[in-house]
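**Q** Grabbed the feature section from TrEMBL, which reads as follows:
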DISULFID  Cys105-Cys148  disulfide bond
DISULFID  Cys134-Cys161  disulfide bond
DOMAIN    1-99  domain 'C-type lectin'
DOMAIN    103-163  domain 'Sushi'
Amino acid sequence: MGGHLAEILDRSAQDFISDEVKTVYGDTNKQWWIGGHVNGPEEPRSWFWIDNTRISTTQWAIDEPNDFEQKEDCVELSNSTDLKWNDENCGSARRYVCQFGLPSCGDPGEPLHGSRTPSDTSTFLDGATIEYQCDLGYEVKGSTSATCMLNGRWDTERPVCEGENQFWSIKFYMYL
């Protein structure tokens, strides 16, 4: 599904994740991996996210990171530290907090001889709805609306605008 361990980039993200964990699990003594890790043996130790960007804002618990027995190279959240960060051995069994990109659908386009609302060509997030209309003299064949679904696909195909009076169509040819 394209997710990875969470990157907590600021205090609001820390608070959001802490609130969600407490809502689901309460105050039980559990730990969760997030995407922080040490990248190399240099001193002082440098912390990075999964995509190898340097961690710039931290939420360490008191006296952390401590690199206990020089084996703690990953970052966990622990209820015992009010979900503040703790460095931990990367081989420890933990639950994990993942993040995913917002589901979105690409631009479905407009039907030939028609238009849609909204008319911008931006990316549409999950739940976005567009409405189709046909130009004067054309009628919609298919659904007049489409909704972006959680899987990143539209719930229906783009409709076709067919001419209501196709026999009125006249073609002009010019002979030289």
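Any Cβ shown, glycine's included, is placed from N, Cα and C.
TrEMBL: automatically predicted annotations, no manual curation.
Note that this is a predicted model, so its numbers are computed, not measured.
Could you tell me the structural context for the features on the list?
**A** The Cβ neighbour count for Cys105 (disulfide bond), using a 10 Å radius and every protein chain shown, is 20.
Non-local contacts of Cys161 (disulfide bond) by the CB criterion (under 8 A, 6+ apart in sequence, same chain) comprise Pro111, Leu112, His113, Gly114, Cys134, Asp135, Tyr138, Glu139, Val140, Lys141.
Each residue in the domain 'Sushi' (103-163) has a pLDDT score, and their mean in this model is 89.
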**Q** Determine the Cβ neighbour count for Cys134 (disulfide bond): the number of other Cβ atoms within 10 Å of its Cβ.
**A** 21
**Q** I'd like the Cβ neighbour count for Cys148 (disulfide bond), meaning other Cβ atoms within 10 Å of its Cβ, all protein chains included.
**A** 22
**Q** Could you give me three numbers for the domain 'C-type lectin' (1-99), the DSSP helix, strand and coil residue counts?
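**A** Per-class counts: 21 helix, 28 strand, 50 coil.
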